[in-house]
Amino acid sequence: MAAPQPLALQLEQLLNPRPREADPEADPEEATRARVIDRFDEGEEEKDDLAVSSIRKLAPVSLLDTDKRYSGKTTSRKAWKEDHWEQALPSSSDNEASDEGGSEDGDSEGLGLEEISEDVDEDLEDNKISDEGGSEDGDSEGLGLEEFSEDVEEDLEGEDEEDREEDRNSEDDGVVAAFSSVKVSEEVEKGRAVKNQIALWDQLLEGRIKLQKALLTTNQLPQPDVFPVFKDKGGPEFASALKNSHKALKALLRSLVDLQEELLFQYPDTRHIVNGAKPNTESEEISSEDDELVGEKKKQRKAPPKRKLEMEDYPSFMAKRFADFTIYRNHTLQKWHDKTKLASGKLGKGFGAFERSILTQIDHIMMDKERLLRRTQTKRSAYRVLGKPEPVPEPVAETLPGEPETLPQGPANAHLRDLDEEIFDDDDFYHQLLRELIERKTSSLDPNDQVAMGRQWLAIQKLRSKIRKKVDRKASKGRKLRFHVLSKLLSFMAPIDHTAMSDDARTELFRSLFGQLNPPDADRGK
């Protein structure tokens with residue numbers, strides 16, 4: 001049936017005298033009305049895949065309502081085994097017990113074993129009442145029952161074996177999963193530690209690069225022999241600047257000492273250097289109890305005690321601190337040298353110098369201390385120290401045109417002779433660090449790996465796109481002249497006329513070329 005029309009539409013149709021136009025496509029019958037179907041069968045489904053009828057859907061419900069044999073409940077394998085073994089089939093007394101148990105727990109058993117035992121008991125009673133032939137039949141029935149019980153036992157044994165195998169497999173899978181998860185977590189932690197170490201090294205190197213400019217500026221300061229002259233001629237302005245710089249340097253030195261003490265105090269193996277206690281050399285590893293004690297101590301004492309030292313006390317204090325730290329430094333260097341040596345697997349191969357201990361090699365290099373100090377006191381950069389006269393350049397001999405220019409040749413090691421005990425210049429070590437940084441950044445990518453090279457190229461393009469170009473937006477539409485300043489002409493000279501012809505002779509020559517032989521004065525007189 002069609003849906004009822006609203007009251008407003010019915011009233012409008014009644015008040016409108018104009019007859020309605022019937023739609024030829026409209027179908028008043030509901031059975032033949034065009035409808036949108038929910039599903040369209042294109043013949044792709046198989047013919048056997050038919051829908052379940054309503055009778056089959058109601059069949060299980062009706063069977064459960066009519067017969068209790070089809071009723072059941074969800075149970076586990078273990079509970080089913082216990083219930084199954086409780087039903088002993090060979091003896092009649094057990095059958096009677098099973099009958100009593102079946103009458104009490106008939107609703108809880110859903111596997112049909114109770115009905116089988118009842119049928120067997122009835123057959124046994126019938127066999128006792130019957131004749132000898134019947135007794136023979138009963139014996140055969142008893143044999144069949146024994147065979148049935150044996151089959152059930154074999155099935156249960158097979159299921160037990162399957163359960164044991166499943167348990168073993170699950171245990172093995174759990175052990176393997178736990179082992180693999182531990183390995184993966186360890187590798188992840190190692191990777192994070194290495195990443196943090198590389199990031200820390202990059203930050204330290206960045207700080208060293210920023211300190212290079214300050215080091216060059218420090219080397220240009222006036223030295224002690226001419227410093228009083230600068231102080232006298234500088235006046236109060238120089239004195240105030242000197243006082244402020246002294247305070248800033250003192251605060252910086254205290255901050256660096258506090259940072260060093262904080263770092264040494266946080267690590268258990270170096271805490272004795274700050275506390276002044278004896279180092280614990282019994283065990284290198286730290287147990288969980290020690291970690292808890294360390295955490296409690298940190299809560300009680302978050303930082304080492306602050307030291308108030310004067311400027312005169314810092315040299316002796318730093319010398320003592322360095323001597324105390326040397327023991328831990330040597331132990332750490334030797335430990336990691338041995339680990340890397342074992343990991344490389346090149347024991348007993350190579351030169352004899354590499355077979356020596358790392359501490360022996362360091363001591364051998366530090367033996368010539370005077371040479372190392374001279375290397376740091378050698379001026380390697382081009383800068384002028386205030387208060388010292390500028391070096392006078394050597395005069396260059398004049399050369400005539402056509403002769404080759406000769407430059408003055410100095411000794412090969414002239415730059416090494418420029419020694420100054422009041423400066424510290426390690427440009428060679430600084431440039432070595434820069435070279436290693438550039439090599440590490442550039443050689444980290446495999447040249448054959450096109451994907452990695454493409455990613456690097458995209459990163460470079462992204463950085464280039466971030467750079468803002470300086471564009472003069474007011475110079476468009478002719479509002480501003482655009483011009484390029486030409487460079488000055490160098491070695492330019494006007495041409496010199498070396499001809500012997502005078503200007504009058506040159507004029508007469510050109511006039512004769514065009515047929516005008518009269519001189520210009522005669523033309524003017526006419």
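Each Cβ is built from the backbone N, Cα and C atoms, and glycine gets one as well.
SER287 is the residue among SER98, SER130, SER287 that Swiss-Prot describes as phosphoserine. Looking at SER108, SER283, SER444, Swiss-Prot tags one of them with phosphoserine, and that residue is SER283. Swiss-Prot marks one residue of SER185, SER288, SER344, SER476 as phosphoserine, namely SER288. Across the region 'Binds POLR2J' (240-282), DSSP classifies residues as 35 helix, 0 strand, 8 coil. Mean pLDDT, taken over the region 'Binds POLR2J' (240-282), works out to 86 on the 0 to 100 scale.
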